[in-house]
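Listed features, source TrEMBL:
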- 40-62: transmembrane segment (TRANSMEM)
- 53-300: domain 'G-protein coupled receptors family 1 profile' (DOMAIN)
- 74-96: transmembrane segment (TRANSMEM)
- 108-129: transmembrane segment (TRANSMEM)
- 149-168: transmembrane segment (TRANSMEM)
- 188-210: transmembrane segment (TRANSMEM)
- 244-272: transmembrane segment (TRANSMEM)
- 284-303: transmembrane segment (TRANSMEM)
Amino acid sequence: MKQEMANDSSSPGDSNSFILVSNSNQSYSNPADLEWRGKLGIDITIFVVAVIGNLAVLVVIYTTRERRKTPFEILIANLSVADILSVLLYSTIQYFNIPLSKWYCKLVAPFFSSTQMVSVLTMTTIAIFRCRSIVYPFKTKPSMKLTYCTVAGLWLVANICLLPVYIVREQNQGRCEEIWPSELLNKVYTVSLFVVQYMIPLTIIAISYTKIILYLKRHKVSRCGLNSDRIKQLKMTRKRDLEVIKISFIIVLLYNISTLPGQIAWIVWIVFERYEMALVIFKFSYQLLLFHSCCNPFVYGTISREFRSRFVQVFWSIFCCICKMRKTKTVVLQTEQGHRNNACVDLEIIDKKE
């Protein structure tokens, strides 16, 4: 769906009231407000965990030289990139007072929507790739070149689907708005985007994983006449396939749980024009939407034994590095404070002598 932030202060009767929260002086104007503090705390947690966790995923994938990277790892890396961009753009839009311009309104918020769409398209592609490699094991495996081309295609498709939003967003009276030629076009596009971004990917993912499960149940390789090494290899292959299925399924499940409220809110707002109900759903929908950005590295770490050992090492290295930087900064501040105190004592001694 269109993932631009909706302002609670927008007039319900205005069809063009989908604006960025950070673009209104009325939003979050009271720092003592409990809701504002809750959202701020959640946003900070999401930002820190998502950025560090997904950076660790990228480091693990692209610094491992013992073996070649697989298409699945490239897709997971693309998912991590989309997640990092999502939280960075969200934080920029929400909490930085950036001067609004025509190009800012046309590019920044729609690109946030594009990163969200890339996430679900990547998950759909993962399901298709895994289904093809498991159900049709004798077909040619996707090459790395094809995988990288697929990743580029996902970003292209996502931005093409969001092209109408890029076009209709304008800067108007100090805020960004979607100015549609007619309300009917707005409703048709919203429903179409819901189908393309939510319903179709869910259907493809469900069919892909159902085919994989049925195939693994029906095709149990007989161990008769096989030596112990071959049996061990088959066990490892089957275990790895099931591991990948679990990882992908959990990521997709978490994504859809976190995305569904926002999808419903936009349909309720634009199509059914039930503004009060939509605003209630919108309250924490973006925090829930970005929650899945924190999940990918930890889903990997809790299920994949091979990835866990590498991920934990990299994650703690990044965490310890940040802690050391903070400790060093604290020591420097304490040293400067000590110098100031000593200077004050020297001045007092000079005054007494005089």
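Glycine too: its Cβ is placed from the backbone N, Cα and C atoms.
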Contact yes or no, the transmembrane segment (74-96) and the transmembrane segment (149-168), 3+ Cβ pairs under 8 Å, gap 6+: yes
Outside the transmembrane segment (40-62), six or more residues from its ends: residues with CB under 8 Å to it: 69, 73-74, 76-77, 80-81, 83-84, 86-88, 90-91, 94-95, 284, 287, 290-291, 293-294, 296-298, 300, 307, 310-311, 314-315, 318-319, 322
Averaged pLDDT, computed only over the residues in the domain 'G-protein coupled receptors family 1 profile' (53-300): 85
Same-chain residues near the transmembrane segment (284-303), Cβ under 8 Å, at least 6 residues beyond its ends: 3, 5, 39, 42-43, 46, 49-50, 53-54, 56-57, 76, 79-80, 83-84, 86-87, 90, 116, 119, 243, 246-247, 250-251, 254-255, 258-259, 261-262, 265, 311-312, 315
Surrounding residues of the transmembrane segment (188-210) on its own chain - C-beta under 8 Å, 6+ positions past either end: 1-2, 117, 120-121, 123-124, 127-128, 130-131, 161, 164, 180, 245, 248-249, 252, 256, 259, 263, 266-267, 270-271
